[in-house]
Amino acid sequence: MKTKLMTLQDATGFFRDGMTIMVGGFMGIGTPSRLVEALLESGVRDLTLIANDTAFVDTGIGPLIVNGRVRKVIASHIGTNPETGRRMISGEMDVVLVPQGTLIEQIRCGGAGLGGFLTPTGVGTVVEEGKQTLTLDGKTWLLERPLRADLALIRAHRCDTLGNLTYQLSARNFNPLIALAADITLVEPDELVETGELQPDHIVTPGAVIDHIIVSQESK
């Protein structure tokens, strides 16, 4: 069987200018920091990033924004990273703010191959602008379309050599659903174990949806 293991250097071969990339994490917790650093050092530009938030200037996906590598961000929160706001106001970067529940459901729909979903969230607000609305049973709903990416960068706690993943506490956040919603998914595990060492009922993400496992000195 072909191995899924690869180095960070190998992973940079997937990075291209203009890509749409989903990145796991919540204020940097559960973000694949070594993959983000490799993405920054690769020099790629004009990225569209889909993430829960833009974290801080030196945390999570923040350094990608600070260094001008991002053309567009789709996220639910940017308030802790002043550079995101500055670039949005100046017109240097496009920012699409999405309610958090809507964002994760868009990602889930992208992973499940669905055409979208109906939600009342945002009706009558700026969120509604440019979107199709439907009236069902006397209630107005927004049609939210699915989100997918060229590449997903996720982090897991433990990973076996087939790519089966477990997560730790709040570091789980968006990672399991992001893993499903991209053409290629790269995982950065805290710990790499042999196949068979993970308890089946502890596995959250099956190895079938993981394309490559990033190994480094930090992966025990």
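Positions of Cβ are set from backbone N, Cα and C atoms, glycine also.
Copied over from Swiss-Prot:
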type	residues	note
BINDING	Gly24, Gly25, Phe26, Met27, Gly28, Ile29, Gly30	CoA binding site
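Neighbours of the CoA site: apart from Gly24, Gly25, Phe26, Met27, Gly28, Ile29, Gly30, residues of the same chain with C-beta atoms within 8 angstroms of the site's C-beta centroid are Thr31, Asn52, Asp53, Ala55, Gly60, Ser170, Ala171, Asn173, Phe174. Working note on the binding-site residues Gly24, Gly25, Gly28, Gly30: by count of other C-beta atoms within 10 Å of each C-beta, Gly24 ranks first. Every protein chain considered, the tally of other Cβ atoms within 10 Å of the Cβ of Phe26 (CoA binding site) stands at 20. For Met27 (CoA binding site), the same-chain residues 6+ apart in sequence whose C-beta sits under 8 angstroms from its C-beta are Asp53, Ala55, Phe56, Thr59, Gly60, Thr80.
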